[in-house]
Amino acid sequence: MKKIKIFDTTLRDGEQTPRVNLNAEEKLRIAKQLEAMGVDIIEAGFAVASLGDFEAVKMIAENVEKSTVTSLARAVKKDIEVAAGALKKAKKPRIHTFIATSPIHREYKLKMTKEEILKKVTEMVTYAKSFVDDVEFSAEDATRTEKEYLVEVYETAIKAGATTLNVPDTVGYRTPDEMYELIKYLKENVKGIENVDISVHCHDDLGLSVANSIAAIKAGATQIECTINGLGERAGNTSLEEVVMIVKTRKDIFDEYETAIDTKQLYPVSKLVSLLTGVTAQPNKAIVGANAFAHESGIHQHGVLANPETYEIMKPETVGRNTDSLVLGKLSGKHAFVQKLSALGFEDMADDKVEELFSEFKKLADKKKYVLDEDIISLVTGDAAKIEGKLSLEHFEITRKDKKPKAEITISINKEKKSGEAFGDGPVDAAYNAVNKILNDSFVLEEYKLDSITGDTDAQAQVVVILEKEGKRFMGRGQSTDIVEASINAYINGINRLYKN
Ligand code: KIV
Ligand code: ZN
């Protein structure tokens, strides 16, 4: 069997999705799930980018054991030093260094000659090697680079000690045929390439990232860079769940290939990432979208009832949808709850954390008839989203006076309770006005998004807000079976993040 390594960059390129902003705790929660799912390499961030990124990479490096943990670094000494510092305690550290190679980047961005770039590759890969054995080199915008020059660049990187060569389709420009030809060409022409991993990193600007990655596998790529739900810069990256399921489902084509991914974790991890990032997969998204296994037409429903294979090429259970029939309710005990956590891939939790989540679950079960998988995932994400902030909601009440909604709110500020009231256009507006009044502060509400986590009228709502103050933007999240409460919690969560920075 040929193993295809899965390199997940949700926490680095995925975090470059506009408006996505995760804190270190949230990143660690995602990283632990990626590890549990069998991801080979986790790109934990870009350590030099900010103190927050450094902390997140460090925390993940210290807590992940099975997967290799990497940080991105430009081909710059300082970046490599900071990445190495953040990865110091990693069991399996990798430094991922890159420099652009295409004519347009050479001329306008780097203002460097071909020779100068080759020199940099030698120096910086060698420098990265002085910290770790495992060094990945990326030629940014490789697919728009002259292919003869690309051969020189990669040979230089191999000579300097690179163990993985990454071929990024940075602007999502190539088609599958071209990608196949390019990887084949590199395999045939780069000396020493047989001793290293060949990786591709495809963007989705033309909607071809998955197709390009699959073509690259056929041509000999051994590592695919991808993200959960296809998150990433602009139109995003190759979607991890799609590549993994293509390799698994099309055994007629990929009989000699395998990945180490436990596909039953795909749906829970996708949900976890959408809840934490606030970016919901579109309903018709392959594998993880709400409609991916829904059969609407009568003809299809009839066919599926007679034999699921009439219209289903994969079983929903294979990707972790309806993992088991264990639906929890208010009579469910701790044992069933722990079993459910484990079925969803949350296995590494400390006892006091499980205890805390169990008591949250009990509160939820009092409000909802059935507690579904999505609810449990949302309890875990709600917990990861909690930030030790100054503010928390104590009490709220919405009434109407002369048909105008009025909110009375009590929040605790550093444990001291303060109350206020205000009117608004609607209950949420009134509540936000009351919070502002109590704090004697104001924030621009740039975005407000309400989603229901599951179906039914007793479903939990998740609210995501983007708050702006003095040029800084912060995301806030809140969830509850009560829409107004979820909205206030999201607002307070955003303010806590803002005040913390
Ligand atoms: O898209 C890209 O080129 C990248 C590299 C830094 C790997 O993200
Ligand atoms: Zn990228």
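Cβ from N, Cα, C; glycine included.
Automated prediction, rather than curation, is the source of TrEMBL annotations.
Per TrEMBL, Mn(2+) is bound by D13, H201, H203; the candidate from N63, N229, N237, N284 named for the same site is N237. Listed in sequence order, P168, D169, T170, V171, G172, S209, G232, E233, R234, A235, G236, N237 are the same-chain residues at least 6 apart in sequence whose CB falls under 8 Å from the CB of H203 (Mn(2+) binding site). Residue with the densest Cβ environment among the binding-site residues D13, H201, N237: N237, by other Cβ atoms within 10 Å.
Excluding D13, H201, H203, N237, which define the Mn(2+) site, the same chain contributes T9, P168, T170, C202, D204, S209, E225, C226, T227, G232, E233, G236, T238 within 8 Å (Cβ to the Cβ centroid), listed in sequence order.
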